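Q: One structure, as structure tokens, below. Some questions next.
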Amino acid sequence: MIQVLLVTICLAVFPYQGSSIILESGNVDDYEVVYPRKVTALPKGAVQPKYEDAMQYEFKVNGEAVVLHLEKNKGLFSEDYSETHYSPDGREITTYPSVEDHCYYHGRIHNDADSTASISACDGLKGYFKLQGETYLIEPLELSDSEAHAVFKYENVEKEDEAPKMCGVTQNWESDESIKKASQLYLTPEQQRFPQRYIKLAIVVDHGMYTKYSSNFKKIRKRVHQMVSNINEMCRPLNIAITLALLDVWSEKDFITVQADAPTTAGLFGDWRERVLLKKKNHDHAQLLTDTNFARNTIGWAYLGRMCDEKYSVGVVQDHSSKVFMVAVTMTHELGHNLGMEHDDKDKCKCEACIMSAVISDKQSKLFSDCSKDYYQTFLTNDNPQCILNAPLRTDTVSTPVSGNEFLEAGEECDCGSPENPCCDAATCKLRPGAQCADGLCCDQCRFIEEGIICRRARGDDLDDYCNGISGDCPRNPFHA
């Protein structure tokens, strides 16, 4: 008994490094056992919610102390978020679950400026974090009465099969006019920082994926929520906020014929979305998750540059990995296509395995390459998709005022983010003394850009848009075609 106790104490202090273990994410060749210690920020005697708005954990990775700061992802669900499944007689059953006290967080590592994290705290800590340029996955070990977690690099997870997995979207790399045009555009520093955009997302799960997880709706819901939380984190550098509007699970049968040809399935899904799903609830983009093995080692497909189109703002993704993170990368990849991004050319793009790589890599990144950012900027400038311009209404998202959650909420003059924001006071979410604005195409260094400066170039027969000198936003020209 004494020997067992001593071993337990030693494990709590000194991380254990193992050679191989089977986790929920698969068979991991090299991992480290850690015991995250929660550091509470609540005042003594305060009532503790089930999931706090902010949390901090300490543990060791490679012998070095790590402090993980987490903040609840406040804008992750719309206030009218709904879940739909079907009864055996075909009736549609829709519920509106309370998701305010959810368990999905984003964050960073203390003293690592380039770090990021996307963590589910529902049952232990599960997700990923970037530390000193390396992406690590973390998940709880299924040991009784233990706080043990495994930390490991993605490349240390054994492949589920040897076949290369790739996106089915193709393009001609002889033409990279989009990138050339993007570099020729006159962009202010504020425009180069990407304007804020908002995407209301609908996720549909086909019958094959439902049965794959033992027809367990709760398991499906948890997996999808983790995916969307990961997508949100990956899109943050582009200043895109993702809000999940609905989850539709085909629990009894498929409502389209899910075929092995991914583009054909995407076309059928787009038709169904236009006829059925959009009539249930307004949203900007929908993705179908399926257990179908697409032909030609394809794991996803989406239309290029069709965000906001009622039929074509869709993607189809195979649930190709037990690792939530990897499927979330594929979903983000297909979303990127809808936002005008083509595949990374390994000879032209400064990223070995970024999100828009055509083939999944052993060292898969969660970053968008410079090429992807250029494509996205060009898409925003040339196509100006309208559905993602507007933030969800203050009554549309489950949130209490909190700085840096990417939504302008009741009582806020600006969404301040970090305390270092020169325009916005992080403590009050009010503009700092002397500041006129904090964001927008007509805001530069906290001041309105003078009247008459072009803030949005014309497209086709339209006219240029100009700053008016009294707002940080770029007003639409009233004479647009």
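For all residues, glycine too, the Cβ spot is worked out from N, Cα and C.
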Q: Check Swiss-Prot and name the cysteine among Cys446, Cys455 that pairs with Cys474 in a disulfide.
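A: Recorded disulfide partner of Cys474 in Swiss-Prot: Cys455.
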Q: Sort Cys424 (disulfide bond) into helix, strand or coil using the DSSP assignment.
A: strand
Q: DSSP secondary structure for His333 (Zn(2+) binding site), reduced to helix/strand/coil, please.
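A: In the DSSP reduction, His333 (Zn(2+) binding site) maps to helix.
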Q: Would you list, in sequence order, the residues of this chain other than His333, His337, His343 that have their CB within 8 A of the centroid of the site's CB atoms, where the site is the one recorded for Zn(2+)?
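A: Nearby residues not in the site list: Cys167, Val169, Gly300, Ala302, Glu334, Gly336, Met341, Glu342, Ile355, Met356, Ala358.
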Q: Would you mind reading off the Cα separation of Cys349 (disulfide bond) from His343 (Zn(2+) binding site), to the nearest angstrom?
A: 10
Q: Might you list, by sequence position, any residue in that chain lying six or more from His333 (Zn(2+) binding site) with a Cβ less than 8 Å away from its Cβ?
A: Cys167, Gly300, Ile355, Met356
Q: To the nearest whole angstrom, what is the C-alpha distance linking Cys429 (disulfide bond) and Cys474 (disulfide bond)?
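A: A Cα-Cα distance of 22 Å.
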